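Participant: Annotation source TrEMBL lists transmembrane segment at 72-92, 104-127, 139-159, 180-201, 221-238, 243-261, 267-285.
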């Protein structure tokens, strides 16, 4: 008895039908160009899923420490939510692309939920970094709050963008892109990430520039982009945070460019970008969390730049200009007392500092005066 048959696809230009038992792949029912795109997207997705799973398994010990040995706060909850939802998305999409599914639409909607949660939590994760650095500036916090809302709102459009439909005559599923929301969504995500990178880079640049008073324009650019010749520990904060964020921004810019050229074909790079974002942002969070919990740790997680240590870095980033000047005054007075000079010389030193502090609008003058007095006192201290 003959089994069920299906007609040959129209683009084959062959009449008649073929038994389902002879159908080796559902790709035979779509055009050769579409079949190749689906095949490439499947291989790329499986490779990205493998990288994400490797990162998850490789950091199980670190995740255990975050969960059971540190205080759990909103960033930690976001950290695990981002990782778990993206793992659920990649595994579910692997099933969608390779296995028989009875209800493609239901599985596609479930994957969209995981994708939206992961992207929204990632945006929240980076927004909290801005809040931590600019906590005393309500205008900056409010502005990035608006960009965060825009990012989350555009992420919800994934429900209208990604749909799953069955292959003709089979129980396999095929993912399709619908509408014109995709390019707008990834553009908003790129804009938000770029602004966050610039804002945090500028804040870090201003902090380290306090200890490089006479830097020229080229030197300032090097400090801003690469941390210049700062010690290894400082690059944990700069390179493993800002440089990783820069990589995320560049990859997202690449994604926007590719999707604008051919969204149906190049949408396969989205999963690569998502995995890259989760792996790098998770690594940054673990490093900064380790530094915050072990401020006295040396070598790779502690550094000195002038009088700035990694334990003081986060605290210094949140200081206003006036608080920075007040703290600097106290430090100078302590240094002046410990140098061992006479009471008259120490009093003169303090009076000189006070005269500079009174002009709170000229922060650079205070820093230069501090630098010169400190180095003039070093020979007497060593003696």
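Here the Cβ of each residue, glycine as well, is placed from N, Cα and C on the backbone.
Just so you know, TrEMBL annotations are computer predictions that nobody has curated.
What you see is a predicted model, and the numbers here were worked out from it, not measured in a lab.
Provide an account of the burial state, proximal residues and distances for the features listed.
Facilitator: Here the transmembrane segment (104-127) has long-range neighbours at 75, 78-79, 81-82, 85-86, 88-89, 92-93, 95-96, 144-145, 148, 151-152, 155-156, 158-159, 162-166, 173-175, 189, 192-193, 196, 245, 274, 277-278, 281, 285, meaning same-chain residues at least 6 beyond its ends whose C-beta is under 8 angstroms from one of its own.
Only residues 6 or more beyond the boundaries of the transmembrane segment (139-159), in the same chain, are considered here, and those with a CB under 8 A from a CB of the stretch are 109, 112, 115-116, 119-120, 123-124, 127, 130-131, 181, 184-185, 188-189, 191-192, 195-196, 199.
For the transmembrane segment (243-261), the list of distant contacts is 126, 182-183, 186-187, 189-190, 193-194, 196-197, 200, 226, 267, 269-270, 272-273, 276-277, 280-281, 283-284: same-chain residues at least six beyond its ends, Cβ to Cβ under 8 Å.
The list of residues near the transmembrane segment (267-285) in space but at least 6 beyond its ends in sequence, with Cβ under 8 angstroms from a Cβ of it, reads 37, 40-41, 44-45, 48-49, 51-52, 55, 59, 75, 79, 82-83, 86, 89-90, 93, 115, 118-119, 122, 125-126, 177, 182, 186, 240-241, 244-245, 247-248, 251-252, 254-255, 258-259.
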